[in-house]
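*Asks:* First, the structure itself, so that you have it in front of you.
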Protein chains: 2
Amino acid sequence: MALRVLGIDPGLTRCGVGIVDIAPDRRATLVAVEVIRTAPELELAERVRRIQLGVAALLDEHAPSAVALERVFAQHNVRTVMGTAQASGVVLAEAAQRGLTVALHTPTEVKAAVTGHGGADKRQVTAMVQRILRLDAPPKPADAADALALAICHGWRGAPPSATGGAGAADAGLTPAQRAWRDAERASRAPRLER
Amino acid sequence: MALRVLGIDPGLTRCGVGIVDIAPDRRATLVAVEVIRTAPELELAERVRRIQLGVAALLDEHAPSAVALERVFAQHNVRTVMGTAQASGVVLAEAAQRGLTVALHTPTEVKAAVTGHGGADKRQVTAMVQRILRLDAPPKPADAADALALAICHGWRGAPPSATGGAGAADAGLTPAQRAWRDAERASRAPRLER
């Protein structure tokens, strides 16, 4: 049975939400993707409330069994960090209300999981997300790619090692990121072979 | 009719909540004071959820007409800032859900409002909160004094200037505490006049 993961790239102006099913063989399938937006002109409390309502609606509609949230570190713009953390707060509370644990992943972990290296740029992440999910075009809205990558990252990290298809000779010299990348390639190749 | 203000000094480990009634003559009366605590050992999502539930219960029980929250700026400890902002997020959402606007005040504004100077230390703030609320002892829990100061600050700032009673003859019968209080509220209004 697939693991359904809801990934969130938190923010007040744009809160990306991506929902992905991860099969036991690590094949990842897009379920839904959305960006919840709130206008900066709105009162702060109302903006946070709208993020809360939007996330709650997606949690109720898609009933994920895990939530993955971006772990935010210090950034240059303190106001942005605060807004991001305030949005994270309501996501955490809504998940806990539904008995869901929230896993935090750093941007570096997410990039490493989907592209094989932690320093990948946005374009590379988007391209790999498209391949991993076997989409005909880059995911839209474009700023939701990070949320999908988070969900994929979490689904793959959470899966038991045996689900990778066996730790045989091919795995011997691979780092976890390389294994993830190899899995991503396999996932992206699979459908083409079927066509 | 008194303005009931709920002040919140947000935090994950300790979230101070103070509720105060501010009469039209600016007399402030303690309604309730509490510190919602969550253990650092708990999962982050569960901690934020408990802050949310605690704040929601106090909002429902005391039905304030205004919420005042500490405006958090950059601090040295990024993790503390994030926890504070996450707690703030659920406070903002719960207030908005009840149609309440949340006013943000900086620590300096709050100190200036209750003590007359923005550089006051914690002991001075606690002592003035005790005097302003006419308490026999410093408010307990001790770490809730800031939340009460926030509520008082907001109540005084929100009241129309005419409610101060004006200077002159009206001052004649004031006690030292009332004069200190009057001076404090003037200090709190000053920044607004400068804008």
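Placement of Cβ uses the backbone N, Cα and C atoms for every residue, glycine included.
Automatic prediction, not curation, is the source of TrEMBL annotations.
Per TrEMBL, active site is recorded for B:ASP9, B:GLU70, B:ASP143. What TrEMBL records for B:GLU70 is Mg(2+) 2 binding site. Look at TrEMBL and you will find B:161-177 tagged as compositional bias 'Low complexity'. What TrEMBL lists as compositional bias 'Basic and acidic residues' is B:180-195.
Describe the structural surroundings of these features, if you would.
*Replies:* Shown in sequence order, B:CYS15, B:GLY16, B:VAL17, B:GLY18, B:GLU70, B:ASP143, B:ALA144, B:ASP146, B:ALA147, B:LEU150 are the residues of the chain, 6+ apart in sequence, with a C-beta less than 8 angstroms from the C-beta of B:ASP9 (active site).
When secondary structure is read from DSSP and collapsed to three states, B:GLU70 (active site) falls in the strand class.
Under DSSP, B:ASP143 (active site) is assigned to a helix (H, G or I) in the three-state scheme.
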*Asks:* Would you mind checking how many other C-beta atoms are within 10 angstroms of the C-beta on B:GLU70 (active site)?
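*Replies:* Other Cβ atoms within 10 Å of B:GLU70 (active site): 24.
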*Asks:* Taking DSSP as the reference, which of helix, strand or coil describes B:ASP9 (active site)?
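*Replies:* Going by the DSSP assignment, B:ASP9 (active site) falls within a strand, counted as strand.
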